[in-house]
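Enquirer: The Zn(2+) binding site feature in TrEMBL is assigned to Cys166, His169, Cys239, Cys243. Marked as compositional bias 'Basic and acidic residues' by TrEMBL: 306-324. For 94-286, the entry in TrEMBL reads domain 'p53 DNA-binding'. If you look up TrEMBL, you'll see 339-405 marked as domain 'Transcription factor p53 C-terminal Drosophila'. Residues or ranges marked as region 'Disordered' in TrEMBL: 1-37, 281-334. Annotation comment: TrEMBL describes Lys112 as site 'Interaction with DNA'.
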Amino acid sequence: MYISQPMSWHKVSADSDEEYHSTANEASVGSAPETASDDIEKAVAEAGDLTTEPMAFLQGLNSGNLMQFSQQSVLREMILQDLQAQVSTLPKLEKHNNGGYNFSFELVEPPKSDWTISKALNKLYIRMNKVFNVDIQFKARMPIQPLNLRVFLCFVKDVSGPVLRCQNHLSVEPLTDTNEKERENLLRCGNPNTIYCGTAQGKGISERYSVLIPLNVSRSGGRNGGGLVRQTLAFNFVCQNSCFGRKESCLVFCLENASGDIVGQDFLNVKVCTCPKRDHKQEERQKNVMKRKMHATDTEEDDAEDHPSKSRRLTESMHIKEETESNDSFNTTHRGLPHNWDVSATDNGKYQLSITVPNKEWLLDSIEGMIKEAATQVLRSPNKDRLRSYAQSLLKLKKRAYELP
């Protein structure tokens, strides 16, 4: 049973009646869902992937048959909110290619440069104000659409904390009417089309200090490039890691489309310092030491699992030995002091100590320790004559000890 939509009555011809019944049947409740479903699938297929190109989906919809204008507005608002939530989220230190562009970058260290790269640590060591080149690479996709590269600094252990310039380096750079964003940004790019973004309070990806570079999507890698687009970008830093508390930092690279969607991401650990090569060697050495320690620990645990009875016997014997030694030490201490050792209390509330040390150095060190303690007490209570007299006596005792053979 079909229920036709209501309409106003007018005098029409026979041809018009047939046209009316045909239109009413097409608009009936029973047939509309099938037609709308087919048209939606066709629109989605023509518009592409909704997750990567949400606005193209809306443009491909036929508003005449599929949905009312209010429904389209709701869907459009939902997509815009989703996009806004995506760009306002905190950065994640991860590598991905959600858009299928095979995005990547490469740093080739030139000879006798002011920076060095550690592949083992995925880390760049560089001096402040020194330029380093990054080769950006991504796959060309059809249809060609504009792409941007967003690059920003981020703390490794606190991704929400904005990376700001220190006042010392900021004060030496004059402020003009056109360089406010660039002046506040710790990262600089040599590309003339670079856009400096963000604020000091920004935490989200689109809100924090960053550089946005429009990429030349038409620069193909040639016949042997496999459809890859390559572009070289030059960067430099205008502050050091010591300027923000020597926190571990990294450089995040985000490949974005015209809608601001992140279709590819990568990151690189960074240390801006005065001695890049020295720090590079030290940190790699520390990592190797930690690896050896972890390997040794794992080996000991494996041996303990393979030979539990032997490990248990060894532990028990060591425990018995420690108890025996502890008991022997206790008995020796309380059995009696050497005949020339003595400690006692005087009638006026003070104490006397008499011991024998094996060499002169021990003797001098012991007296020196008492002198330091006496000097501290004199400084705290300069009006007590007894403390001053005691300190003077210790100095005389030390002088006499020096005179000993």
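Glycine is no exception: its Cβ is also placed from the backbone N, Cα and C atoms.
What you are looking at is a predicted structure, and each value in this text was computed from that prediction instead of being measured.
Could you tell me the structural context for the features on the list?
Expert: For Cys243 (Zn(2+) binding site), the same-chain residues that are 6 or more apart in sequence and have a Cβ closer than 8 Å to its Cβ are Arg165, Cys166, Asn168, His169.
The average pLDDT computed over the domain 'p53 DNA-binding' (94-286) stands at 91.
For Lys112 (site 'Interaction with DNA'), no same-chain residue that is 6 or more apart in sequence has a Cβ closer than 8 Å to its Cβ.
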Enquirer: Which residues, in sequence order, are found in the same chain with Cβ within 8 Å of the centroid defined by the Cβ atoms of Cys166, His169, Cys239, Cys243 at the Zn(2+) site, excluding those residues themselves?
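Expert: Near the Zn(2+) site, beyond Cys166, His169, Cys239, Cys243, sit Arg165, Gln167, Asn168, Leu170, Leu186, Val238, Gln240, Phe244.
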Enquirer: Identify which of the binding-site residues Cys166, Cys239 has its Cβ surrounded by the largest number of other Cβ atoms within 10 Å, counting every protein chain shown.
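Expert: Comparing the binding-site residues Cys166, Cys239, the most crowded Cβ belongs to Cys239.
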Enquirer: With helix taken as DSSP H, G or I, strand as E or B and everything else coil, how many residues of the domain 'Transcription factor p53 C-terminal Drosophila' (339-405) land in each class?
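Expert: Helix (H, G, I), strand (E, B), coil: 39 helix, 8 strand, 20 coil.
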Enquirer: When a 10 Å sphere is centred on the Cβ of His169 (Zn(2+) binding site), how many other Cβ atoms does it contain?
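Expert: I get 16 for this one.
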